[in-house]
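Written below as structure tokens is the structure these notes are about.
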Amino acid sequence: MAFVMIREAKEGDCGNILRLIRELAEYEKLSDQVKISEEALRADGFGETPFYHCLVAEILSAPGEPQGPCVVGYGLYYFSYSTWKGRNIYLEDIYVKPEYRGQGIGSKIIKKVAEVALDKGCSQLRLAVLDWNKRAMDLYKALGAQDLTEAEGWHCFRFEGEAMRELAGK
């Protein structure tokens with residue numbers, strides 16, 4: 001029987017995090033969207049002023065089992081600000097490898113992010129999910145999250161690439 005530990009990611013975890021980011025993108029049918037590199041993850045998450053923070057779910061083998069520690073999931077988050085509520089935390093990604101789902105690992109990651117949010121004085125933990133990912137939506141609702149599209153009618157938008165350059169006049 002393996003044990004799961006949720007811990008803060010270290011710079012040396014960036015290769016595993018990138019692998020899991022790619023797996024998540026594949027699962028979401030958006031693998032062509034991943035442009036990030038391991039070097040960028042290192043620079044952006046472990047420099048003097050990190051743009052993100054990350055937790056990893058690591059399987060630790062039980063005594064006598066041959067397999068060593070193995071990263072099987074992650075939660076990548078950053079801090080944001082609401083003009084209505086103040087400090088927020090945004091969970092950009094949460095992913096658990098398929099063979100480890102249904103064991104409470106995703107819940108543990110989300111709960112740990114919630115602990116960080118409260119410790120930092122955040123009033124909200126926000127995240128987004130694709131509309132077809134019912135399993136994830138059911139988990140978030142079971143943990144107490146509110147679906148803002150249903151409840152308040154919010155839609156997410158983004159400016160990217162050429163649209164952002166054009167908007168900025170560059």
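The backbone N, Cα and C atoms fix where each Cβ goes, glycine too.
The active site, proton donor annotation in Swiss-Prot covers Tyr140, and the record cites similarity to another entry as its basis. Long-range Cβ contacts of Tyr140 (active site, proton donor) within its own chain (separation 6+, distance under 8 Å): Ile110, Leu127, Val129, Asp147.
According to Swiss-Prot, the substrate binding site annotation covers Tyr27, Glu28, Glu92, Glu152. Around Glu152 (substrate binding site), taking its Cβ as the centre, 8 other Cβ atoms fall within 10 Å, counting all chains. In three-state terms derived from DSSP, Glu152 (substrate binding site) belongs to a helical segment.
In the three-state DSSP reading, Tyr140 (active site, proton donor) counts as helix. Taken from Swiss-Prot, the feature acetyl-CoA binding site applies to Ile94, Tyr95, Val96, Gly102, Gln103, Gly104, Ile105, Gly106, Ser107, Asn133, Lys134, Arg135, Tyr140, supported by similarity to another entry.
Feature annotation from Swiss-Prot assigns domain 'N-acetyltransferase' to 4-166; the stated evidence is sequence analysis.
According to DSSP, Lys29 (N6-acetyllysine) is assigned to coil rather than to any helix or strand. Taking the Cβ of Lys29 (N6-acetyllysine) as reference, no residue of its chain lies under 8 Å away while being at least six apart in sequence. For Lys29, the entry in Swiss-Prot reads N6-acetyllysine, with the evidence type similarity to another entry.
In the three-state DSSP classification, Gln103 (acetyl-CoA binding site) falls within coil.
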